[in-house]
Each structure stands twice: as C-alpha cells, then as structure tokens.
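Per Swiss-Prot, these features apply:
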TOPO_DOM  1-22  topological domain 'Cytoplasmic'
TOPO_DOM  472-514  topological domain 'Cytoplasmic'
TRANSMEM  23-43  transmembrane segment
TRANSMEM  80-100  transmembrane segment
TRANSMEM  117-137  transmembrane segment
TRANSMEM  140-160  transmembrane segment
TRANSMEM  172-192  transmembrane segment
TRANSMEM  202-222  transmembrane segment
TRANSMEM  283-303  transmembrane segment
TRANSMEM  321-341  transmembrane segment
TRANSMEM  348-368  transmembrane segment
TRANSMEM  387-407  transmembrane segment
TRANSMEM  426-446  transmembrane segment
TRANSMEM  451-471  transmembrane segment
Amino acid sequence: MAGGFVSQTPGVRNYNYKLTPKVFVTCFIGAFGGLIFGYDLGISGGVTSMEPFLEEFFPYVYKKMKSAHENEYCRFDSQLLTLFTSSLYVAALVSSLFASTITRVFGRKWSMFLGGFTFFIGSAFNGFAQNIAMLLIGRILLGFGVGFANQSVPVYLSEMAPPNLRGAFNNGFQVAIIFGIVVATIINYFTAQMKGNIGWRISLGLACVPAVMIMIGALILPDTPNSLIERGYTEEAKEMLQSIRGTNEVDEEFQDLIDASEESKQVKHPWKNIMLPRYRPQLIMTCFIPFFQQLTGINVITFYAPVLFQTLGFGSKASLLSAMVTGIIELLCTFVSVFTVDRFGRRILFLQGGIQMLVSQIAIGAMIGVKFGVAGTGNIGKSDANLIVALICIYVAGFAWSWGPLGWLVPSEISPLEIRSAAQAINVSVNMFFTFLVAQLFLTMLCHMKFGLFFFFAFFVVIMTIFIYLMLPETKNVPIEEMNRVWKAHWFWGKFIPDEAVNMGAAEMQQKSV
C-alpha cells in the first residue's frame, strides 16, 4: 500500500501526497522521451567509425583513417563528417522554439507525440539513405523530434511528480537518455561486425523503435494537472491531481495551481516577460546551465567515443567495446543521482561532480600529451590506454550524477507557469546550440589543440563549479509555485525579486510594474 506523506520544507507550503502506482507509471512512460535523444547520441559516434559507412559517404575520411602516416590527432578531421552528427542539433534548436507553443496550447503529451513521429520519419530516411542529402534530411527530421521531446518531457515529469520527489522522477529523463546510449552502443558493437552496408543501416534504422515507444506512450499518458488547468479543464485537473497524489486532500496544492494559471493568463507575452528583472534568476539559469553542461565536454565522449578510442590506438571492435563500457558506467552512475538528488540536494551533486570531472580531465590530457606529444605520432601501450579508459569512466561517472541529470532538472523546476514554456524552450535551444558547436568543431579542435583540448574543457569545469557555488540556491523539496521564496532569500538574486512577489501573483506584479 502506498504510504502517506506531507511535504516538509521550511518556509514553503506543504502538500499531502502518497506514492501511487499511477505517478510511477506515468513518469516512467513519460521518460521514454529521453530514449530517442539517447539512442541518437549513442548511435552516431559508432556509425561514423564504421569503415563501410565512411567508405560509402566519406571516402576522404576513410583514406585518411587508413593512412599509416596520418597524425593521430587529425585522422578523422572532416567538417562534412561532423555535419552528419551536428546537423541534428540545429534542427532541434529551431523546433524547440515552436515546441514551446504546442506544449502550452495542446498539452505536454502531444508535443511528445509529435517528437516521436518526426523522429520516426527521420530514422526511415537514414536507414534507407542513398546519398549525403538523404542522410542530412534524416538528421534534420531526427533533430525536430529531439527538440519537441526535450522541450516537453522534463516539464511533464516535473509537473507530475510530488515536490519532495521531483528530482528523482525528473532524473528518469536522464536515465532514459543514458539507457538509449547504452542500447545504441551495444547495437553498434554487433552491427559493426556485419559485412557491407547492412550494419550501419540497421543501426540508423532501429531509431524507429524508441520513436514508436514515445508515440504510443504519449497516446496513453494523461496530461498534467498544470496543463489541464492552463487549457481550461479545471475539473479534470483536480481529478488528475487527486489520482496521482493518491488522496482527495489536494485543495491547497490545487489552489496554488489555479492561482498560478490565473496569473499566467495575464502574461500575454511569456517571451517578453521572461526578460523582466523579476525573472532574471530563471533567465540566467536557463541560459548558463545548458551552456555549461555542454562545456563539460561530455558529448566529446558521447558522440565520438569510438573515434576517440581509435585515435588512442584501439582497433575498431575494441573501440566500440570501450564505448559500450563507458555508456554502462554512465547509466549505473545516473541512478546515484536518482536516489540522492532529493536527499542531499542539487548543489552538493553539482559541486562534487565538477571536482571529479576536473581531476579526471586533467589526468587524461596529461597522459595523452605525454604519450602522443604535440606531433601526434607517438604510441600508447595497452596498459596506458586502459588507464585512460578508466579515467574516462571516472569522468563520465562524475557527469552522470551531477551535470547530466541536473542540467535538465534544475531549469525545468525553477520557472513559474507564466514563463515555463518560454524558459524551457530557451533551455533546450541553448543546449542544442552548444551541442551543435561541440559536435561540429570537436574533431577540428582535436586536430589543432591536440591533448590541450581536455585542458580547455577542464577550464570551463572550474568556471561552472564556481558559478554553481555562488549563484544557485538549493531547490530540493520546494514546490515549483513556491520557488520565488528561494530566489528572494539568495544573497544576489534577492535584489531582483520584489518583496510582494513572494506572496503576490504575476498578474498583480505586472500591474504594479506598468
């Protein structure tokens, strides 16, 4: 039987709830949206290391890879090859802006469905690709799907979960992403051993499976109480809230949702309003957290792990196996965040993960520098290569329980309803833009910066860790509608939040500012 709880957080309202099967099931299915993103992250790097794929579409890179005299740092340097990976994220950036309107007007679940549908079409284009144009069209369609899913799923999970467990439930999105990566690397490992072009076609075409999963999931999922109220279905919203909280005593939380909705209706232009001073904390965080998440360098590992491991001297099969190991490590360590984020809070995980990533990145850069040198003509022995893989796993673990899940959780939970869709669109857009830059420029940066590239990312890890320490207040256990109290108490952000904002709605605040 589900136990009864009362959210207990000093200075904010307390809500009644029980851990019901319905909230577990809905959040579990909702998290499927992360699978399409994760599968693509894991599949693209493996496919770009497969010789039949390179020979078919990127013969110049294939010849460089086979050259015995090629600088190890520059073996895979090709703007066209990186465009295959990065084009998805430009499309995701654009679609996330449209997705914010669909998420608000039609509900979170239909935005998720549309994401799965466009991802499905994109997987068909890639699986049957006959030329570069078909590959890129497919990647763009995949990107539209990722943009819709990434915009709607974190918001859906945050709104369905009880405040005290919002972190754990929201981190299901990151778990799904990493699970998708692991499944993709396993598939790549086996398809890479197939003769001819069938292997990479299977890898790319199987992206249709997670797409179908999120489409079916979206059709059977209920919409969130917040979204139902926002669209005028008040009675249905209360019934849904009672259902997912497992109690009829939801009047206080329901009234807060009603108040938040009424306030949001007075805000005609959320994109304009998010620029107002009282929303400065949310604007800065939704810009800087996804920016810093990408500057951890994690997608260097996620996109190009097989390519990177081949650069380190591993064979094709061993490179894919090593990428699979790092993916499994990341999946297991993501569960650490699921079970600790609502107990220890967001800040401690951000800070600890940052320190762990910093130390491992410096060690990786130093070892590669010593072994390859600046010319990139040295050799790395098996024991040293295995040590580098171990250091990469330590780095991935630090990311997996900090910046990985929290980079999606925190931006989705800090914004009031009246700017939530715009804030999440900004979050996804910034994330996708810098994901695109990292994906497009990494192989060129590796060629020119060599082992110094790891020190480059380590520098940003220092900056982001300091930023979190100084600028992010603790948000665990705080209801979304009560978040202004947290910002008001902060040493810096408090000056942007008027005293009345803690107890007064957005509509009244807007009238006072006119």
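Cβ from N, Cα, C; glycine included.
By number of Cβ pairs under 8 Å, the transmembrane segment (283-303) is matched best by 451-471 from the list 23-43, 140-160, 202-222, 451-471. Counting Cβ pairs closer than 8 Å to the transmembrane segment (451-471), the top stretch among 202-222, 321-341, 348-368, 387-407 is 348-368. Most Cβ pairs under 8 Å with the transmembrane segment (321-341) belong to 172-192, among the candidate stretches 140-160, 172-192, 348-368. The stretch in closest packing with the transmembrane segment (387-407), judged by the count of Cβ pairs under 8 Å and taken from 23-43, 140-160, 172-192, 202-222, is 172-192.
Nonlocal intrachain contacts for the transmembrane segment (172-192), taken as residues 6+ away from its ends with a CB within less than 8 angstroms of a stretch CB, comprise 27-28, 30-43, 46-47, 49-50, 153-154, 157, 198-200, 202-203, 206, 210, 302, 305-306, 316-317, 320-321, 323-324, 327-328, 330-331, 334-335, 337-338, 400, 404-405, 408-409.
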